[in-house]
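*Asks:* Mind looking over this structure? Questions follow.
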């Protein structure tokens, strides 16, 4: 018994001396004493069996069995009640908005992410913020203070000097070989000290190739006749391996005394700490195979490693050979990281890291993770595919800024060829015409809601058609429905029913006669489907007659307007919903829609045909509100699509790497819909396509990040002026045709509000969760009010301000802003 105590005392003295020698001079660890417990709690203070006793086993001591076998009949932990659906939704929503109870644990991670992004976009940070940025993530002090919270009864303590990997994870080879931070609150981590001394085992992380780069290499290999796997794996063949080389599993040579001290700390506590910043990447075993065994390897710091630590013969029984193939694993999980400080703008400006960067900062830059830009790649792919399909289907309109005039001899209503002109607006984006864009789903107010001016235009056309008649040529060459003034009195006969010459309303009643008509090739007396009889008598108004689908089977009817050959039928021309009875040749030349089945313009709905897409539920009431977000995926041409792709691969991808695809996708879509909604109100007769409002909403996210990081930047006014100059330049570009500045303005306003609500982590650290909740609530309420006001202006109280079109197209020349065939005031 005495010998045992002596041995224990000797071992503990040796252990304490070794720990004192390894302790840095300026390190002090204060362990609060446990509080006095009540007598009833003494039973709970007795040693209990741990969950995993194998992890608590000491290397040098034998485990006592009898004590744990006595407690084998203890009760298992009871089942915990599963949270309800409402609680799960409430907790998930709070975590998504960043106002949950564990926000303080995530605040530091997102604070560092915001600092990195601000340093890339807006310039150098302040000196204090730059020092916080260069510290490891566990050492960054909080803006709210670094004082320790009140200690609990039994705080968890992890030995900061136990650095041996084999003693932290004795049974696993692939666990991270970086020291875990202490769990004592208020004590900074010693990783900065241990990383300098054990820096020879941390090689710099290799840069991984992206999928696009590997695809280009594979295509080049196929052209050269080589194997695809050889081309894609040529770079990775030398240094790629998914686990560390066995000779570098231990960072230091630790003796039994260190083992004795470190065995008191459980494996569960040490493995539960997050080690995402200090975890080093695995070293490649194939990298060390290239080094001859006769020469001692040299670490990156210049320290020669002994051969006894390096060259260990592999054991056949413990060698791991059942891993996933290297090429498959790296193809599935590798991604090209966004290097902070060297973003897209940094590459354009030939920016690089300084050579005097410390190893700690370099490891942080290499290990910092970012989101995958899924939404950016998906959106870019959809934009490119849709643009190519549209151009292949509808062709390219004349390129330029003015109006293009086409002249051709076309057969007209009178049976002679006439010289007619077709005028259309040129498209400098190298894409289809405005009529085709409207048919594809462009933002166009007459297709979204009932327009008063277009409705009045249709009513005027129907009034003229109500007084029309059938003009029959005297030489029996044909007939056409027209006005009396357009029918020649010498060469043709104008058939128009009067009070005495009209047919009776009903075949059985000869009293009341018709006064509206006649109509070429349509008569209630000869039409069998739908028949005019009984309760279904056609009204005495030709603008309300249905389309006759079946005529009486007879060669001659005895009526002059029925026995002639009809020359003209309704044709929907331009984008105003106007209709004209004309020949097929003239209709095709004017890029209209010819209706072979109808005889009157009142029998067709031109606006439904011009708008395309899904037909209206009520042909008289347009209801294609889905154009507000469908137009976000369309472009006016190839150049327009290229501009969007460049913006998305720079600004959008950078923001998505910072905040994630779900937040950026919400801001992109909602700001684009809001911009198109405002454009549909103030510019109702302009066909606009493209994500203009969405792009300015993303620019507003940069302003929000700048405002939230104003106190962190060294020169915030310079960053603000740079962003303002970019927005002003884009606004000036919006004065050109086919670019919608109204969508830019309202997209920017909506993006500004949505960024405050859906980007909660890009904030300065002094705001608490209650203040953040108020900010989110106010931003969402203001956005909802703005969106509701725009909806009311569009559907309930439509407005039409012609002067506002100068904000979206300034007339630099007399014909620079011609009306695109879509006048603000219809005549």
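Using N, Cα and C of the backbone, Cβ positions are placed for all residues, glycine too.
Computed from a predicted structure; not experimentally measured.
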*Asks:* Please indicate whether the topological domain of residue 711 in Swiss-Prot carries the same name as that of residue 808, placing both on the same side of the membrane.
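*Replies:* That fails: Swiss-Prot puts them on different sides.
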*Asks:* Quick test of your reading of Swiss-Prot: among 611-631, 632-652, where does it put transmembrane segment?
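*Replies:* Based on what Swiss-Prot states, transmembrane segment spans 632-652.
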*Asks:* Going through 632-652, 719-739, 774-794 one by one, which has the most CB pairs that fall under 8 Å from the transmembrane segment (687-707)?
*Replies:* 632-652
*Asks:* Which bits of the chain, at least 6 residues beyond where the transmembrane segment (719-739) starts or stops, bring a Cβ under 8 A of a Cβ in it?
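*Replies:* Non-local partners: 121-123, 401, 425, 427-429, 636, 640, 688, 692, 696, 699, 702-703, 706, 713, 748, 807-810, 816-817, 820.
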*Asks:* Take the C-beta pairs under 8 A between the transmembrane segment (632-652) and each of 381-401, 664-684, 774-794. Which stretch has the highest count?
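*Replies:* By the under-8 Å Cβ criterion, the transmembrane segment (632-652) pairs most with 381-401.
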*Asks:* Just to confirm: which same-chain residues, 6+ apart in sequence, have a Cβ under 8 Å from the Cβ of residue 84 (phosphoserine)?
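*Replies:* None - residue 84 (phosphoserine) has no non-local Cβ neighbours under 8 Å at 6 or more residues apart.
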*Asks:* According to DSSP, which kind of secondary structure is residue 84 (phosphoserine) found in, if we only use helix, strand and coil?
*Replies:* coil
*Asks:* Report, as a single number, how many Cβ atoms besides its own are within 10 Å of the Cβ of residue 88 (phosphoserine).
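*Replies:* There are 11 such Cβ atoms around residue 88 (phosphoserine).
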*Asks:* Can you work out which residues elsewhere in the same chain, 6+ from the ends of the topological domain 'Lumenal' (740-744), have a Cβ less than 8 Å from its Cβ atoms?
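*Replies:* Sequence-distant neighbours of the topological domain 'Lumenal' (740-744): 443, 672, 675-676, 678-679, 682-683, 686, 688, 690, 692-693, 696, 730-731, 734, 804, 807-808.
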